[in-house]
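Peer 1: Below are the features listed in Swiss-Prot for this protein:
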type     : residues       : note
ACT_SITE : Glu431         : active site
BINDING  : His430, His434 : Zn(2+) binding site
CARBOHYD : Asn302         : N-linked glycosylation site
CARBOHYD : Asn328         : N-linked glycosylation site
CARBOHYD : Asn337         : N-linked glycosylation site
CARBOHYD : Asn413         : N-linked glycosylation site
SIGNAL   : 1-20           : signal peptide
Amino acid sequence: MRSFLLASLASVATLKSAQAHPAHSTRGLSKRGIDLDSYRLKQPVSYTNANDVGSDASISSLTRRATAEETASELVKKVVPGATFRVADNYVGSNGVAHVYFKQTANGLDVDNGDFNVNVGRDGTVFSFGNSFYTGDIPTAPSKSKRDTIEPAAAFKSAVSVLDLPVSAGSATSEPKEAENTFAIKQSEGTVSEPEARLVYVQTNGKLALTWRVETDVLSNWLLTYVDAIDGSQVHAVVDYSADASYQVYPWGINDPTEGERTIVVDPFDKQASEFGWHSDGSKTYDTTRGNNGVAQNNWANKSASEYLNLPRPVSTDLKFHYPYSLNETDFQKYSNASVTQLFYTSNVYHDLLHKLGFNEQAGNFEINNNGAGGAGNDFVFLNAQDGSDFNNANFATPPDGQAARMRMYMWNGTTPFRDCSFDASVIIHEYTHGLSNRLTGGPANSNCLNVLESGGMGEGWSDFYAIATHLKAGDTRETDYPMAPWVSGKPNGIRNYLYSTDINVNPQTYIYVDPQTRVHPIGNIWAGMLYEVLWNLIDKHGKNDAGTPDFDSNGLPTDGKYLAMKIVMEGMALQPCNPNFVSARDAIVDADKILTGGDNKCEIWKGFAKRGLGKDAKYDRVARTESYDLPEGVCA
């Protein structure tokens, strides 16, 4: 493997904390007066944890079948008798647990928000499962002899009109695609890729509505809009693959320019996670910031996705990406190559770290060539530095496995000179973690599983949590408080409502603080605060590894509390149901520890959640949550 020198903007070993868009973020459609939060899906979701499965004789005694998929199918038939469904995805995690994902169908059409995930243990028995299947009356099938629905092009026009999309749709027509009941939308302008309409059902207000699922990528928002297929006048729900954020960066372990100096790092790639290195996809080697995991470039000109591969990026025939950068430079385009290099470096380091922790090809990670390791492939990340489409933010769009993701890093103009968030590792980590949480929750093939308000907020929380965890310093203790994005925002206390702290006087937020929230970032601040408590409980028990990568025991588990917490939380994402809430996600994390360690850390995990009101009797209600500060009997015995 050819070696190369990479000038990272410090020694990128410990990414900092924040990432997510600030509370004052101006998201694409928000600037047009459209509140996408009001269109979020609201279907009920349940999660049956390992303890509940074990205490239910009818489930625990379920006969093991020849394969995990067959065992999981029998469970679905038992839990939801009479339901029709298809296998949407499945894989076996690095811990031996099989994850099988089902999509509900009705009259031969998908129920787009009807999901059932079954986690099958290494012994072949059901470990836990999540369920959002519809159980009401199935409507009469639409007529095949005559169309009872509006035309797909009309649904597209309705979506454009209702959401005030920056798209020209007046001349739009539709053409059938190979997939049944799926149409390509032609003769429109303003989208990144060709729009598509597919006939599906969606659960809404306790019923199934027949809808056209209209897919439109308008760059700032990559949308699935569910337009009523009968009258075309109502939009039942909207899913947005994009997740916004904004923050700072330099070398792994240096979060931003306030923490250290730039240095040259030689061959930093992990040979197992990136077997082709960072500048090859296994079939071709590149002399620029392009490889199997991502391609980084400058997009100040705000070019569309079809032009990404032609955007300017640094070129070095000897792979020495060494470029000047000055904090005093007012013309940020003069250090464009340094910005692109930093973004490429930090994203690749994080890709490799997540791979070591279990976010691999089968689980839906981001690579062009999966090299026979499973998963869909063809989906690295487009990494746009100094993106010209916005200021004071960052953005990550996560389509399903097999489609390339997109990260856009903006300039921040709250200081003089402006600050470039590609030099803030916490922003990059926050954004990339949106890809992690979206690919794991509900399975790699389903990117619609963090779109209810609470689960969407938790997505922001996971992104903050991983940014904070990777930022911890050698001298930090549980008394150390962390802001989100203080450097890039120019605000010492960062951009969240409260610092991340185990001190209830510094951060008083508990479970009921979620009740009045109507936006995802305040909810994420609460969820990440709970995870911060769990993190320090595990560090106090197992110690803290301050190296850039974890050490593993003979069972493949991190030996320290920091990386173990990251591993357990990641495993919880894979276990939890599509669109979880705080309670079901907590249960999935407890279950994750049970899978990984046999429950060795249940006391520390429960104490962390119970301290913030998410104890054993906490109950979810959309407007009136019930707090609990009690521990389950015997967990700390």
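Note: Cβ is positioned from N, Cα and C throughout, glycine not excepted.
The model shown is predicted, which means the values in this text are computed figures rather than measured ones.
Set these features in their place in the structure for me.
Peer 2: Classification of Glu431 (active site) by DSSP places it within a helix. Of all the Cβ atoms in the protein chains shown, 33 others lie within 10 Å of the Cβ of Glu431 (active site).
Around the Cβ of His434 (Zn(2+) binding site), the number of neighbouring Cβ atoms within 10 Å comes to 28.
The local packing around Asn302 (N-linked glycosylation site), expressed as other Cβ atoms within 10 Å of its Cβ over all shown chains, amounts to 12.
Reduced to three states, the DSSP call for Asn328 (N-linked glycosylation site) is coil. The Cβ of Asn328 (N-linked glycosylation site) lies under 8 Å from the Cβ of Pro417, each of these being in the same chain and 6 or more residues away along the sequence.
Summarising the environment of Asn337 (N-linked glycosylation site), the number of other Cβ atoms within 10 Å of its Cβ, over all protein chains shown, is 23. According to DSSP, Asn337 (N-linked glycosylation site) is assigned to a helical segment.
Cβ-based neighbour count (10 Å, all protein chains) for Asn413 (N-linked glycosylation site) stands at 12. Asn413 (N-linked glycosylation site) falls outside any helix or strand according to DSSP and counts as coil.
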Peer 1: Whole-number Å only: compute the distance from the Cα of Glu431 (active site) to the Cα of Asn302 (N-linked glycosylation site).
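Peer 2: Glu431 (active site) to Asn302 (N-linked glycosylation site), Cα-Cα distance: 19 Å.
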Peer 1: In DSSP terms, helix, strand or coil for Asn302 (N-linked glycosylation site)?
Peer 2: coil
Peer 1: Can you figure out which of Asn302, Asn337, His430, His434 (the recorded positions) comes closest in space to Asn413 (N-linked glycosylation site), comparing Cα atoms?
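Peer 2: Of the recorded positions Asn302, Asn337, His430, His434, Asn302 has its Cα closest to that of Asn413 (N-linked glycosylation site).
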Peer 1: State the count of C-beta atoms found within 10 angstroms of the C-beta of His430 (Zn(2+) binding site), not counting that atom itself.
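Peer 2: Taking all protein chains shown, His430 (Zn(2+) binding site) has 35 Cβ neighbours within 10 Å.
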